[in-house]
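What TrEMBL records for 24-209 is domain '3-hydroxyacyl-CoA dehydrogenase NAD binding'. What TrEMBL lists as NAD(+) binding site is Gly29, Gly30, Gly31, Gln32, Met33, Gly34, Asp52, Glu117, Lys122, Ser144, Asn168, Lys300. Residues or ranges marked as CoA binding site by TrEMBL: Ser68, Lys75, Ser144. Marked as site 'Important for catalytic activity' by TrEMBL: His165. Annotation source TrEMBL lists domain '3-hydroxyacyl-CoA dehydrogenase C-terminal' at 211-308.
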Amino acid sequence: MAFCTRHVVRGFSSSALRPAVIKHVMIIGGGQMGAGIAQVAASTGHSVTLVDTSEEILNKSVKGIEGSLKRVVKKKFADKPEAGAEFIHKVLQSLSTSTHAESVIQSSDLVVEAIVENLKVKQEIFGRLDKLAPQHTIFASNTSSLPIADIASSTSRLDRFGGLHFFNPVPMMKLVEVIATPATSQETFDSLLNFSKVLGKTPVSCKDTPGFIVNRLLVPYMLEAVRLYERGHGSKEDIDIAMKLGAGYPMGPFELSDYVGLDTIKFIIDGWCEKDPGNPLFKSSEMLNKLVSEGKLGRKSGEGFYKYK
């Protein structure tokens with residue numbers, strides 16, 4: 001946290017260093033992460049617009065949000081069905097959808113991008129919206145592996161750009177990594193920090209380094225487990241059992257890798273290796289590469305390190 005409290009703010013007077021109140025939020029990307037962020041933001045009193053490329057995707061997203069809200073109601077309003085129904089109604093009233101980000105941007109205090117991990121695609125979207133967004137609008141990316149500064153470079157609002165890295169599933173996971181680049185203003189960082197708290201999350205402050213905190217530790221851990229298996233120093237089953245019973249982890253590294261997606265892990269580690277090829281922690285794995293090339297991506301494909309029916 002110290003690096004942020006000492007952050008030098010350029011372009012703002014001392015009287016302006018108050019975090020902006022975020023009321024209207026645009027979420028770009030109707031996938032699992034984007035829909036989860038939209039649900040949580042709408043549940044906490046924000047006006048939310050979920051944006052994607054087609055009505056079909058958005059309808060699926062809203063249906064998923066409705067199902068998630070019903071599960072929340074079963075726990076929180078078990079003895080109060082009417083209150084539960086009112087809660088769902090209120091949340092869905094706060095949520096709208098659009099296939100045209102340009103028509104929504106003018107009323108947005110915050111734009112959160114949660115799309116494919118492709119730097120050029122993210123830069124194209126932010127660069128286009130930057131020309132249309134009001135001056136006060138804050139941009140944030142939910143990227144888990146790409147440098148925030150690289151994404152922000154496509155815009156003219158470097159001081160109003162940061163990272164908000166949520167975890168899956170968003171409604172359940174309490175952590176948000178709030179990332180500041182060297183150009184992010186203190187006002188912007190505080191606004192993102194406060195927004196995370198209003199969502200009921202616990203924010204942690206991160207520098208704009210590969211993987212931030214969680215993935216910077218987690219991905220090399222999963223890769224080292226694969227290397228251990230490749231060397232014949234333990235079966236994947238025994239390694240998983242050892243980490244669950246010995247370290248208290250809810251899933252072993254191979255179970256977790258299949259859950260995350262082997263293609264996702266490969267994408268992250270390949271990107272880090274390209275930027276820092278001499279770092280042994282960023283060395284890829286022949287076994288991981290082979291599984292991905294065979295389409296064995298984990299749970300989502302039915303097979304990864306384990307088979308799923």
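A Cβ is built for glycine as well, from the same backbone N, Cα and C atoms used for every other residue.
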Chain-internal residues, separated by at least six, CB under 8 A from Gly29 (NAD(+) binding site): Val51, Asp52, Glu113, Ala114, Ile115, Asn142
Span of the NAD(+) site, taken as the largest CA to CA distance across Gly29, Gly30, Gly31, Gln32, Met33, Gly34, Asp52, Glu117, Lys122, Ser144, Asn168, Lys300 (Å, rounded to a whole number): 24
Sparsest-packed of the listed recorded positions (Lys75, Lys122, His165) - C-beta count within 10 angstroms: Lys75
Ser68, Ser144, Asn168 as binding-site residues, winner by CB count within 10 A: Ser144
Same-chain residues at least 6 apart in sequence whose Cβ lies under 8 Å from Gly31 (NAD(+) binding site): Ser61, Ala114, Ile115
Span of Ser68, Lys75, Ser144 around CoA - largest C-alpha separation, Å: 30
Residue distribution over DSSP helix, strand and coil in the domain '3-hydroxyacyl-CoA dehydrogenase C-terminal' (211-308): 65 helix, 3 strand, 30 coil
Neighbours of Ser144 (CoA binding site) among the binding-site residues Met33, Lys122, Asn168 (Cα to Cα, within 10 Å): none
Spatial neighbour of Lys122 (NAD(+) binding site) that is closest, considering only the recorded positions Ser68, Lys75, His165 and their CA atoms: His165
Cα-nearest neighbour of His165 (site 'Important for catalytic activity') within the listed binding-site residues, Met33, Ser68, Lys75: Met33
Same chain, 6+ residues apart, C-beta under 8 Å of the C-beta of Met33 (NAD(+) binding site), given in sequence order: Ala114, Asn142, Phe166, Asn168, Val170
